């Protein structure tokens, strides 16, 4: 077998099965089952996932979230976007699958996903639910990947990997401030809606987040330290969501009715934490 063919096969295997980065010396990766699922059953595992996020209930108009958009079949978690009738504010049904567990913290998180081919997002991210009784309080969001399979604006979320960190800060007077920090972009090839890709994130510590694509390191994100020296240290929920953006033209009813374009597929999601090798 030629070297080129062998390398190609190796890349295919990595893309299909995922690959954790080498652990630090003296440590090993251990699977975190609370945030892992192969989606091999016939229904969503409700011990692990909500079919409609209780933390972000409605979504961003014109799309909202409906549990009926979510299914597990053919070995995939599927979120099928569709026309929603009878609602003046929302006319598109998307989906927001959220973890039951709320303690995702430092570790490695990855999902094998194929985006829809419409102008809605296909995403994999994490966020904490704030305690609004605190003063001040923060919401932290870790966007591992946000892609859009059909672009109608000039922004390329189809072939460029977009990852970000956001801190939503509310002071004791109710004044809100947002600080965001991302990384350099990386190419998604083939485009996000044409093939499955493994999107990974090593949340190293409160200041360091490394992004991976198909098992390869791409860039590092350093969350803003505007409010605290250790900004990203709060446990989070995991989300797999399809939504509309206020900067992107929504899909047409005809596009939403096309079953070859309207669905985002998650083959699996896997998560790992570090433990000493002697444990």
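Our numbering is plain: 1 for the first residue shown, then up by one each step along the chain.
Any Cβ shown, glycine's included, is placed from N, Cα and C.
Here Swiss-Prot flags 1-18 as signal peptide.
What Swiss-Prot lists as domain 'GH16' is 19-277, and the listing cites sequence analysis. Here the domain 'GH16' (19-277) has a mean pLDDT of 96 out of 100.
Residues or ranges marked as substrate binding site by Swiss-Prot on the basis of similarity to another entry: 56, 60, 141, 146, 243. Proximity of residue 146 (substrate binding site) to non-local residues of its own chain (separation of 6 or more, Cβ distance below 8 Å) is seen for 121, 122, 123, 125, 157, 162, 163, 164, given in sequence order.
Long-range Cβ proximity for residue 141 (substrate binding site), meaning a same-chain Cβ under 8 A and a gap of 6 or more residues, is found for 125, 126, 127, 164, 165, 166, 167, 168. Residues or ranges marked as active site, nucleophile by Swiss-Prot: 141.
Positions annotated as active site, proton donor by Swiss-Prot: 146. Taken residue by residue with DSSP, residue 146 (substrate binding site) is part of a strand.
Of the chain residues outside the substrate site list 56, 60, 141, 146, 243, 59, 121, 123, 125, 239, 241 have their Cβ within 8 Å of the site's Cβ mean position. When secondary structure is read from DSSP and collapsed to three states, residue 56 (substrate binding site) falls in the coil class.
Counting Cβ atoms from all protein chains shown, residue 56 (substrate binding site) has 17 others lying within 10 Å of its own Cβ.
Here the binding residues for substrate are 56, 60, 141, 146, 243. Their largest Cα to Cα distance works out to 17 Å. Following the DSSP three-state reduction, the secondary structure of residue 243 (substrate binding site) is coil.
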